[in-house]
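**Student:** Checked Swiss-Prot, it gives:
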REGION    1-22  region 'Disordered'
BINDING   127, 161, 165, 252  Mn(2+) 1 binding site
BINDING   161, 163, 252, 254  Mn(2+) 2 binding site
């Protein structure tokens with residue numbers, strides 16, 4: 001179900017009367033109207049109010065309420081001159097258990113945003129959002145190829161996550177999106193170019209590691225994603241970015257340490273420091289190849305002092 005843009009979700013402190021630039025993100029937001037090319041670089045926020053995939057995956061529900069809280073956390077951050085134009089396309093809600101229908105609806109919205117010249121930034125919701133974001137990218141590519149003699153483009157999927165999310169069990173859930181993507185790539189005879197940063201060796205079964213190897217997944221364990229290893233990880237990331245035409249970035253907040261992100265279904269005992277994730281996200285954004293991004297698994301009912309929301313807002317801010 002589509003939920004229209006609501007400007008009441010974007011509010012914050014006003015410092016009118018103070019000297020200098022006192023703008024905040026909420027001052028920059030405009031409704032998405034389907035025509036952005038004249039405005040240049042534009043990020044378009046889309047909410048995905050779903051935790052049906054989390055429920056199916058036997059996790060703790062509550063992520064369906066995340067989009068509103070993530071907007072709230074982002075709204076009060078300071079605006080900057082280099083910030084892209086920011087629009088909001090409203091939400092897609094899954095409130096009747098029809099996850100597949102909600103994913104198809106979100107894919108259509110993402111395709112519309114891409115066709116307008118915008119760059120979608122999706123606020124989940126469970127990580128089932130990843131299948132929908134990917135489908136939106138594919139749908140847009142199919143429409144481009146139908147309209148012009150477009151050449152196939154190499155898509156790099158970057159996932160910051162403690163888990164592979166390569167479960168093969170169906171129906172689809174928050175743990176299956178990248179297996180679904182792998183199957184779709186095989187059917188379309190295109191490479192499955194998937195890298196996962198922050199994998200926990202204690203959060204994935206041996207069979208998942210075998211399946212990842214079989215699919216050619218590249219990954220870095222959480223123990224190899226600490227601050228001292230950041231320069232090496234950035235070098236590896238640069239090589240991957242050089243090889244890609246387009247990038248889809250997805251962030252599961254359970255990649256962060258539990259102290260930083262308690263508000264997730266499966267908090268991480270170790271996790272990847274926020275500084276490391278943030279620096280790598282900056283590098284992806286700076287590549288000029290980012291086409292879509294999403295932030296998943298925030299559960300407001302489990303958060304403490306809005307720590308997780310604030311961490312998510314920092315990451316979202318780096319993507320603007």
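Placed from the backbone N, Cα and C atoms, the Cβ positions cover glycine too.
Keep in mind that this is a model prediction, so the values were computed, not measured.
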**Student:** Within 8 Å of the Cβ centroid of the Mn(2+) 2 site residues 161, 163, 252, 254, which other residues of the same chain have their Cβ?
**Tutor:** 127, 159, 160, 162, 165, 198, 203, 253, 255, 266, 296, 297
**Student:** Per DSSP, to which secondary structure element type does residue 254 (Mn(2+) 2 binding site) belong, with helix, strand and coil as the options?
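**Tutor:** DSSP call for residue 254 (Mn(2+) 2 binding site): helix.
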**Student:** Across the region 'Disordered' (1-22), what are the DSSP residue counts per state (helix, strand, coil)?
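**Tutor:** Looking at the region 'Disordered' (1-22) with DSSP, the answer is 3 helix, 2 strand, 17 coil.
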**Student:** Same-chain residues six or more away whose CB lies under 8 A from the CB of residue 161 (Mn(2+) 1 binding site)?
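**Tutor:** Looking at Cβ-Cβ distances below 8 Å from residue 161 (Mn(2+) 1 binding site), excluding near sequence neighbours, one finds 127, 196, 197, 198, 199, 250, 251, 252, 254, 255.
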**Student:** Looking only at DSSP and grouping its letters into three states, which state does residue 165 (Mn(2+) 1 binding site) belong to?
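**Tutor:** The three-state answer is coil.
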**Student:** Out of 127, 163, give me whichever of these binding-site residues has the highest number of other Cβ atoms within 10 Å.
**Tutor:** 127
**Student:** Run through the Cβ atoms and count how many others sit within 10 Å of the one on residue 252 (Mn(2+) 1 binding site).
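**Tutor:** Here the count is 30.
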